[in-house]
Ligand code: BGC
């Protein structure tokens, strides 16, 4: 697989922290346990059972500053993320539900790990080495986010790890040859690590026994106000990209890249999400707002700044760093007030945004896009960091 970069920051980050295995998922009792780890902690509790009777666990990673990230073994979903505002007040800045039953109902991938292939594949078809594959189509004529039973709906095994000042959770899932239409048994590891600098890193690794396609990402919806009754339109966003991947009416890339200069898609300088979102531009009309992959600058240079979002009222700043070539900025255009918030009310139109670091949509069918084929003997390794601060 070309375009694979060694894990520079993430592994150094973990090694420097002297991460060692703490407790295996299988060996732990079902009751709540807390492993105190210097200034960070990991707490495990039960998140109930799926309709099929699978036990789901929830892990709370907490750092010395009080920042918390909760992850469940169903879909590797981030269910809560508490980040401080400029007065040090913590608020939950991600969408989430109270129970597993709600996560099992159809929802737009709240907080979930996405795979085997993030975003769309045109007509669900692709070819590797002359062999054609047909995926289930679950988004009009196209395949979206790994299929109806993608990685967002499977149960991952979890292993906690501890280090001096980081708390880490390593999730594992083995997708079978033919699962959701994809070839090859794919072994996937995703490690969430929280440190005391309020950085959450997500490291993805995968290996296969047959040539396949891989594009993993994280689908958390953020609202830095911490108030999901407010839209995200006042957030000031920066995206370090000179181009986007334009799409057709079914949100499949046309194959060309388009300069952001002079368009609503220019976020090279901080701009409020709402400033141009209603502009009468063809791409905005097709996406019903922003729902596009930006072609990140500085490709091939390892982990670098990709994007940021800032809420002036709370002072919360989220910065995203990645080694990936693209970032899907999605402004919650399909949130429609039907899904329940945790504390009453519903998630309305554009009350959350996603910054999904990834390869470009439909990569397997676009000769000019970076390669997304993973072959036996290769290791897929990528990483993304979400850094929270205030200004
Ligand atoms: C896609 C949107 C989709 C959303 C899931 C995003 O990654 O780009 O088109 O609606 O995920 O609901």
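Quick reminder: no glycine exception, Cβ is built from N, Cα and C everywhere.
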Seminar exercise, completed: Out of 57, 291, 311, TrEMBL lists as part of the beta-D-galactose site with 119, 120, 219, 220, 221 the residue 291
For this session: Could you tally the C-beta atoms, other than its own, that fall within 10 angstroms of the C-beta of residue 291 (beta-D-galactose binding site)?
Result: 20
Exercise. Where the record says 119, 120, 219, 220, 221, 291 bind beta-D-galactose, what is the longest distance in Å from one Cα to another among those residues?
Worked result: 18
Problem set entry | Set of same-chain residues at least 6 away whose C-beta sits under 8 angstroms from residue 219 (active site, proton donor) | 109, 110, 111, 112, 113, 114, 145, 152, 354, 356
Exercise. When you measure from each Cβ to the nearest atom of ligand 1, which of the binding-site residues 120, 220, 221, 291 fall under 6 angstroms?
Worked result: 291
